[in-house]
């Protein structure tokens, strides 16, 4: 509730600030947006906003930097922003990914607005126009209201936004579509023309809106998908040059939807589950999780802090492996569960030699559980003992540092490359590489150590038998 | 040419008979060592590497604390999570031997760069010590009889179910290391008595110290050894060796034992330890008399002196004991000790001891189950021991007889008897087999009979009889030998079967056979504990019957009202009273205990019989023992305990009944039975319309085995 008020106050403040500064500001006014279409998908707790902008250079000089504006609340919940330029007509469109960077506008009017700059591949000449497609992904943006629900109640959530697209540019025409997961919408704020058909609410089209104009709206609707959020995921990838990669993943899972209130009744839970089929009644809870693992995975385990959890199934084929796991208990709103998944992978699938005599690990940066928001993702790549100068290559910005780890029979410790990413969504899934140098002779170190230890033991035995230590004969 | 060449090469490798014998002995011992370890791994293979049952969870939790915080923090640990609101001074109320041992193993492994988890160390501690026990059994057997008996003893004890029951992987309890310590102490003491060496005496004192630090069963040692010494004194076997061994063990062992806070000054203050002190003084009197006898040449004078000294000594001792008891300096015997001497004592006076199933008197069937053929070999072994009496055999006879008596009194003490039974049986097996083989072999060398020395009377007699009836003897001996081996192989199969079927269940995870013969796992306990751990406030207080206290603190990480350390009877009785009262009365008690959650175990859906309804009468008895408002007859109908329609009204409306059967009346458990059919007791429940006023269902596990209720805050008055 408090968060909602704060969000509203923020919005309102922004709104007033905008009104004040609208006249006096001087943003890069070179562009005019001739047409903007926004599609907001609210079907799960990961919100995808597709923004299609037709940008026209109304200035005199060629320009290549298009600025996007977001409210601070939006920026707080923004998981990723991605832009691409659309080339071609109708069916033969090709998209080209563009670079997006957060920027500060020195002469920007409202205090709180945050900006992202899209760098166009080719500067746009005066009078020319181009189509940009922007994808925003927001997490933790839907606010359950009521914040606490009983076992059999459905989950209602608020979505706050503005009917008009916040932009430093003049928008000639704009439309917003909001897609809700079901037809059950409690309430929404109208701003004519507003139209609701089925699961879609259409705001607009609105003509000729000046820069920074907004109009707060909210949608209060039913969203019964469980808000499965991994608060923290630590993934440890341990490379052994003897042929195995061992992956261990520590999850802290929470159902971040409306909190469960009052009684949990097993009778109700079991009877509704069995008699009425799956679709007719659904509790808002997490029962199954599906993890997509690489093919040829072996020795998979699924444990909790206090021992094995026996409810899991593994299906493997040549392309992928799917691990279906079930937490110890169904997760209702606000309930938590921690667990560990571990598996082994064949080394040759992931470790390669690069041209400059280095080796590199090529692995997926991401959470194997499907459809998860990960608040904090830490990937630890444990390199074999004796490897030197590691360097990670990740397609998006991450924090990284080095650690040391002592595993079995380690003397100097293994180098660990730690990569950290906050607010991770499935759209981030991509490959990353860690390059390092390694001399094969180090592979023999541990086996030689063991062999010599046994040798010493036997020598000691032989010596003990043959040496007579008694003083008297 | 080449033949002689190879034989030249091989010549240095050719072993002498003695070396061959050594090699065989060492390899047998190694195999037994490994066998003792792997036969205890059934539970890990069937289930997983986990801690079993109740008490081991406390040990595991403290070990975890020890490895994380170090020894001093562990020693000074005040645990707020148990016995709320009293708490527990952990360092002063436990035997730290087990935890320190596991932590040392853990440290050692990490020093050697083996990255193992402390849980694995804890799980495998008991099998590891069982393996060590086999070695001790070998040396002990060698000491009291011969190396053959030692080997047989090692084999027998490696697989004996009586010992396996407390030392499977995961059974991380004091007994796991204590049996090793017990046998080791006895071995060192016998060695000290046999040699009279101060070094062995010192070693036995340290063995005793380790035993004291590991288990409360050390009282058995400190009473058995004085008894043994007394028997030796009475039978006129007093010697300097005995004097050295006993004094060294007693004085050093006592001083060392005082370092354990839980034991403290009990060695000089408690009635249970007075026998040792009395024998200690008696030894001094004997020594003094010996010296006087040495000085005095006149026997008549000495007899006179002897009479006076003995009378004085006994009188002084009696007076000292009387004064000590009267002044309260020497505490009287505890209830547990009484209940050992008088099996009916606990039933009448301490229901909390009687309520534990492992404190029940032993049934014949469980003797048979745990000892199998050893039960028959034991008397035979005693016969052999009596035939060749020595200080060592007297010791093992006394150990065997006393521990067998205690094993009859309490089921769990079968464990203490097991090493003695194995050793004595090993003597029987070894002596019999030896005699038989001597018969068989000497028959082929009739001419040489005269030359072999008849050291033992058994051998001599067998030879004597051999000459009289040779044809029968040979066949008879063969048959007997085969019979013996057949029996031993039956023993081995029985032990393996018992281990895999009866003693390898962790009792946290329950396994059953499904309708299609598949294995069904009930993991409800951990489901509930994990739910508590993840979804309740950190400072939540959980009330349950005391059996589950350790598990809740270890796995659920929440504060409990009572747990398995049953030191405060009143507190447990309060919980028992709350469980057996009506809901509104119980609510008052629950509020006064500041309870947030109430946990009950219920087997009505799965047919799990050791649930709280079946334990309920003990709650009533223990509660009624302190609070006379609770009366057992109120819950019974004509002395019969029932939960169906014919049950007593108080039973149908008490808190435990309500919490167990809440909304159970709507539940179909079995096809063709009415709803609310309790599968554990095979009846339809008597009260199907249960309304809860002050508590609400917070969580019930998937098979209903654990049900957790939240205590509602009191209603507003307006």
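Placement of Cβ uses the backbone N, Cα and C atoms for every residue, glycine included.
No curator has checked TrEMBL annotations; they are predicted automatically.
The shown structure was predicted, so the numbers you read here are calculated from the model rather than taken from an experiment.
Ranges compared are B:367-385, B:424-442, B:443-461, B:462-480, and TrEMBL records transmembrane segment for B:367-385. In TrEMBL, the annotation transmembrane segment applies to B:274-293, one of the ranges B:54-73, B:274-293. Here TrEMBL gives transmembrane segment for one range in the set B:305-330, B:331-356: that range is B:305-330. Of the given residue ranges B:208-231, B:496-519, TrEMBL assigns the label transmembrane segment to B:208-231. Between the transmembrane segment (B:89-109) and the transmembrane segment (B:208-231), the number of CB pairs under 8 angstroms, six or more residues apart, is three or more, so the stretches are in contact.
Here the transmembrane segment (B:177-202) has long-range neighbours at 97-98, 101, 125-126, 129-130, 132-133, 136-137, 139-140, 143-144, 163, 166-167, 208, 210-211, 214-215, 217-218, 220-221, 225, 239-242, 244-249, 252, 391-392, 395-396, 399, 415-416, 418-419, meaning same-chain residues at least 6 beyond its ends whose C-beta is under 8 angstroms from one of its own.
Cβ atoms under 8 Å from those of the transmembrane segment (B:367-385) belong to residues 156, 160-162, 165, 393-394, 396-397, 400-401, 404, 407, 414, 418, 421-429, 431-432, 458, 487-488, 490-491, 494-495, 498, 502 of the same chain, restricted to positions at least 6 beyond its ends. For the domain 'Oligosaccharyl transferase STT3 N-terminal' (B:26-424), the model gives a mean pLDDT of 90. When the domain 'STT3/PglB/AglB core' (B:542-598) is classified with DSSP, helix, strand and coil residues number 33 helix, 7 strand, 17 coil.
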